[in-house]
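According to Swiss-Prot, the feature NAD(+) binding site maps to Gly11, Ala12, Gly13, Gly14, Asn15, Val16, Gly17, Asp37, Asn99, Val122, Thr123, Asn124, an assignment based on sequence analysis. Residues annotated as substrate binding site in Swiss-Prot: Arg86, Arg92, Asn124, Arg155. For His179, the entry in Swiss-Prot reads active site, proton acceptor.
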Amino acid sequence: MAKSSKVSIVGAGGNVGSIVAYSVAMQGLAHEVILVDRDKDRAQGKALDMNQAAAAMRTHSIVRAANDYTDIEGSKVVVITAGFPRKPGMSRDDLLFANADIVSEVVENVVKHAPDSIIIVVTNPLDTMTYVALKKSGFPKNRVIGMAGILDGARMTHFIYEKLGFGAGQIRATVIGGHGDYMVPLPRYSTVAGIPITDLLTPQELQEVVEATKNGGAQIVKLMGTSAYFAPGKATAIMVEAILQDSKKIYPCSTLLEGEYGVHGIPNGVPVTLGANGVEEIIELQLTPREREEFQRSVDSVKELIDVLENQNYFGEK
């Protein structure tokens, strides 16, 4: 266990935040799990429910609802899930200014009360909110990370299984790029028990998997009337686990690129090693010209949103 095994989830009253907290507590990843939410009664109710579940599981995790932001002091990881959810027909981009304000407010309190923490951003539009958290916190880039590719890779893994009908638990899928319409699924870097997926599926089947992956979140919104939460919550908990256990495992995450992949000053999803210091290394994949072009489109889509904020002097810079 990490020396500081305290994790705080801001927006824990929501579905994704609740799943993150529940996963962390049930696995006993942290001794303290702090639920921060504007609806304090809801947070207290969820904390009580989770503590009883932890007792049944006989884990040592203690879940507490925060009275205010002072309760996040000493956190090793702060997860930001707070924000307005997507509704049917709403793009992630529609959420831009509303959620930027929420993330800015949260980050201001993180800087004040947990200045040594690692921030994991889950709020959409993901890559842009990661940039907002970076700018507003002033933290080094390794300590502000966006949750993206683990979720998208999990969706791709599921759709590969649907095509194959075998290999459940043995499929490893790789998705880079922004967490949105311009994500870049990479069949070349996806395998089943070490066998390249390109050897098992036809080009047409692969294209169908790619399209299903890109539309995976929207499909759930259409069916449920709200965003997914089980898979995003679990994907975030996997990141928390890697940081607390200093595992150095490789996961695709949104991180600020400063020359890697030919990109400067824009966060985007790429494979990284996650450990006690957050992002400890960025892994540069050898992309084909077509993959690089798709990745650049993803970067450009994030830059467009960042430019919208900067053109409104959102970060107070001249």
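In case you wondered, yes, glycine gets a Cβ from its N, Cα and C as well.
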Thr123 (NAD(+) binding site) - helix vs strand vs coil (DSSP):
coil
DSSP three-state assignment (helix, strand or coil) for Gly11 (NAD(+) binding site)
coil
Quick one, of the recorded positions Arg155, His179, which Cβ has the fewest other Cβ within 10 Å?
Arg155
Quick one: Cα separation, Arg155 (substrate binding site) versus the residue listed as 'active site, proton acceptor', in Å?
12
For NAD(+): widest Cα to Cα gap among Gly11, Ala12, Gly13, Gly14, Asn15, Val16, Gly17, Asp37, Asn99, Val122, Thr123, Asn124 in Å:
17
Count the Cβ atoms, other than its own, that fall within 10 Å of the Cβ of Thr123 (NAD(+) binding site), considering every protein chain shown.
28
According to DSSP, does His179 (active site, proton acceptor) fall in a helix, a strand, or coil?
coil
Quick note, Thr123 (NAD(+) binding site) and His179 (active site, proton acceptor): C-alpha atoms separated, nearest Å, by 11
Other C-beta atoms that fall within 10 angstroms of the C-beta of Asn99 (NAD(+) binding site)
23
